[in-house]
Structures are given as structure tokens and as C-alpha cells.
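Quick look at what Swiss-Prot annotates:
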BINDING   Asn7, Glu383  Mg(2+) binding site
BINDING   Lys14, His207, Leu208, Gly209, Asn210, Gly211, Asp282, Phe283, Arg284, Gly330, Leu331, Gly332, Glu333, Asn334  ATP binding site
BINDING   Arg90  substrate binding site
ACT_SITE  Asp147  active site, proton donor/acceptor
SITE      His179  site 'Transition state stabilizer'
SITE      Arg240  site 'Transition state stabilizer'
Amino acid sequence: MKILVVNCGSSSLKYQLIDMTSEEALAKGLVERIGIEGSILTQKVNGEKYIIEEPMKDHKKAIELVLKALVDKEHGVISDMSEIAAVGHRVVHGGEKYASSVLIDDEVMKALEDCVKLAPLHNPPNIIGINACRELMPKTPMVAVFDTAFHQTLPDYAYMYPLPYELYEQNGIRKYGFHGTSHRYVSSVASEMMGKDLKDLKVITCHLGNGASLCAVKEGKSVETSMGFTPLAGLAMGTRCGDIDPAILLFMERELKMSPDEVDTVINKKSGVLGISGVSSDFRDIEGAAEEGNKRAKLALDVYHYTVRQTIGAYTAVLNGVDAIVFTAGLGENSAASREEILNGLEYLGIKIDAEKNKQRGKQIEISTEDSKVKVFVIPTDEELMIARDTKEITAK
């Protein structure tokens, strides 16, 4: 059984064709600059690159070229489109309606449209991608896998904001959380590595990329997470501010005469470690600058590590203890220095790190010592595989 996994952005599209017998990706690809001059599709099969450069006016044209690349006689991996048993779509926001992945039909599409107001940047391209696939592959079942779904198990006191209750009732203003597919995947792998049932464990998962969030997992369920109504909340990130005093936004508008759009640009695109360092949103650049004596770069890293450490401490309280901490995503998987700094100060939990093991980059590994009371893992995330597994399970029913 082969499943196509699609992740549509506003001008890009990532895809993988996964053989579910071996759970291996037969092909991985990226389409860039959709609707912009210089559109390009890059597909990788067994390390070999295949590139298509031609105009792609919309996502439908992009998906046409994806299917063309997959069945290409020389560079493709399937002989016919009928080999694609189902398509799994990453959808950022499922609102309160969806606590798990779902088979797509017209009713689901309407619900996704209703969620656009909650994710105006992300849901529209997700919907466009689904519509294009449904048009080009009308007989192939489609499944929506939501970033928010895993966090629908948060208790009401964890997701409710202390605002007038009517704002929740009438406008859906509450904590939703994101990166759910990643948190779900790495927590399940951690339990496998420990040889225990996830339902018997308390796990804190740290998805640390340009966007970053933490999740507290208890009895296999998300009970707390750092992102909120939007992916702006929580930790300091690459370009996002994370949690700040909300009155700062009013100050920016009233005193600095900034428009709501200007404020939005500042808190979403000009803040985080980029804003503090003035160097970059790329942690490799900031680490390099800090090593060369750039004080603002060092401060940016200190603030970032502090917000992660602070949140791990809070989630240990939420869980009433912790059995395992997992690092994943770009920074979590690849920066030994950041992992060390984040855990520095959590010795009271009985965490002991093996310095040699911690030097490993991008590999699935336990980095805690044998006598560490809390297991610490680095687990490369695989959201595409999780989407494919959900798609297989739902279409098999």
C-alpha cells in the first residue's frame, strides 16, 4: 500500500510517497514558488535529484507535476497513479471539532473553511491543496491530519483563557496548541525506546525548530502545550516573540502609533532570537556570533534556553513528575550546545547527561546516563510517517 503525504504552504508544497509495507519513503519532493516566477519541483529518489522547472500558476498545476514526477519512466517510483491508495493531508487547524484525523468529504471541507478564521495563514493553502488533489484524483480517498488534534485532550482549565467566557463561546478563543503530530510521534517512539507503554509514562516533548513548542504527555494524552490560540504563544522562537505582556501590543499601537498589521509583523517576523540578536533567526548563525563575542547573540540564546527550561519546570509540576524528556525538530535534533544549556539547571530532577552521546547530531539516541532518574532522548520527528499511518488506518476501516 502506497500513500501520498501532502503538506501545502502558501507558495510551496512538500510531499512524500510512502510504502506502508516497509514504512519507507519511496520519493520525497518539494515544490517552491507556486504562483511566482521561477517555479521549481525537486524530487529525491535514492539520493538522486530530479528537477522540473516550469511555470506553476497554482497548487493544482503543482500537484499535476508532482504526479507526473512520481510516474516518470526514468525518475519516478510508480508506473501508474492507481498505485496511490490514499492521500494524507497535513492540516494546521481543526478547531474543536476534530480530536483525531478524519476521512475527507464535503462536510469536512466545510468545517475546514469554518476554521480559516482561526488559521488565516495556514488553512487556506491546506484547503487549496486538498481541493486540487480531489479534482485530479477523484476516486482516491483523502484524509486530513490536524496539527491541533492531539491537544484536544487538554483539560478545560488548561485551554481556557481568563477572558470573558463569551469570547470562547462565540469566537472560539481558547488554547489550541500546534505541532501535535510531531509531539504524538516522538512521545510514542520514546515509550518504545523505554520498552514501556506510553499510558504508563509522563513525557515532556520539546519540538525546537524555527517555530517551537513543548507538550506535556500523560497517559498517552496531551495535557498541556506551550502554543496557544495561535502558534505565536509560548517559547521565544526564531522570529516570534512567544509569551509577552499583552499590554505591550496596546503600547505599540497607542504610543508608537503602529498599525495592527505593523504590530503583527513585529511580533511574528521580527522578534524572537532574530529580534534580540539582530543577527539572524538561524540558530547556527547566532551560535557562531555568540562564540565570536557578540553579546546580543549570547543574550538571544540565553533567553531562548531560559524559556524552554522554565517551561520544562512548569510541565514537571503539571505532570507531578517526569519520566522522559524528548528533543526533536531542527534545533532539538542538531544542537548539542542548546540541549546542554536547556538541561543545565534541571539537575534537581535527577537528570544526568552523557556528554559524548549528546554530541550526536540528528540521530535517534538516548543521551542520558544509565543512572539518570529522567531519561532524555533525541528523536528525529517524522510527521509524514505519522500522517501516512493515520491515513492507512482510516482508509482501511
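Note: Cβ is positioned from N, Cα and C throughout, glycine not excepted.
These numbers come from a predicted model, not from an experiment.
Just so you know, of the recorded positions Asp147, Asp282, Glu333, Glu383, the Cβ with the fewest other Cβ atoms around it within 10 Å is the one at Asp282. Among the recorded positions Lys14, His179, Asp282, the residue whose Cα lies closest in space to that of Glu383 (Mg(2+) binding site) is His179. Note on Leu208 (ATP binding site): other Cβ atoms within 10 Å of its Cβ, all shown chains, come to 25. Counting Cβ atoms from all protein chains shown, Leu331 (ATP binding site) has 26 others lying within 10 Å of its own Cβ. Proximity note: of the listed recorded positions (Asn7, Asp147, Leu208, Arg284, Leu331, Glu333), Asn7, Asp147 have a CA within 10 Å of the CA of Arg90 (substrate binding site), given in sequence order.
In sequence order, Val6, Asn7, Gly29, Leu30, Val31 constitute the residues six or more apart from Lys14 (ATP binding site) in its chain with CB-CB distances below 8 Å. When the record's ATP-binding residues Lys14, His207, Leu208, Gly209, Asn210, Gly211, Asp282, Phe283, Arg284, Gly330, Leu331, Gly332, Glu333, Asn334 are compared pairwise by CA position, the greatest distance found is 24 Å. Distance noted between the C-alpha atoms of His179 (site 'Transition state stabilizer') and Leu208 (ATP binding site) is 10 Å. Taken residue by residue with DSSP, Arg284 (ATP binding site) is part of a helix. Leu208 (ATP binding site) and the residue listed as 'active site, proton donor/acceptor' have their C-alpha atoms 15 Å apart, to the nearest angstrom. The CA atom of Arg240 (site 'Transition state stabilizer') is located 9 Å away from the CA atom of Asn210 (ATP binding site). When the Cα atoms are compared, Leu331 (ATP binding site) and Asp147 (active site, proton donor/acceptor) turn out to be 20 Å apart. If you take the C-beta of Asn210 (ATP binding site) and look for same-chain residues 6 or more apart in sequence within under 8 angstroms, you find Met237, Gly238, Thr239, Ser281, Gly330.
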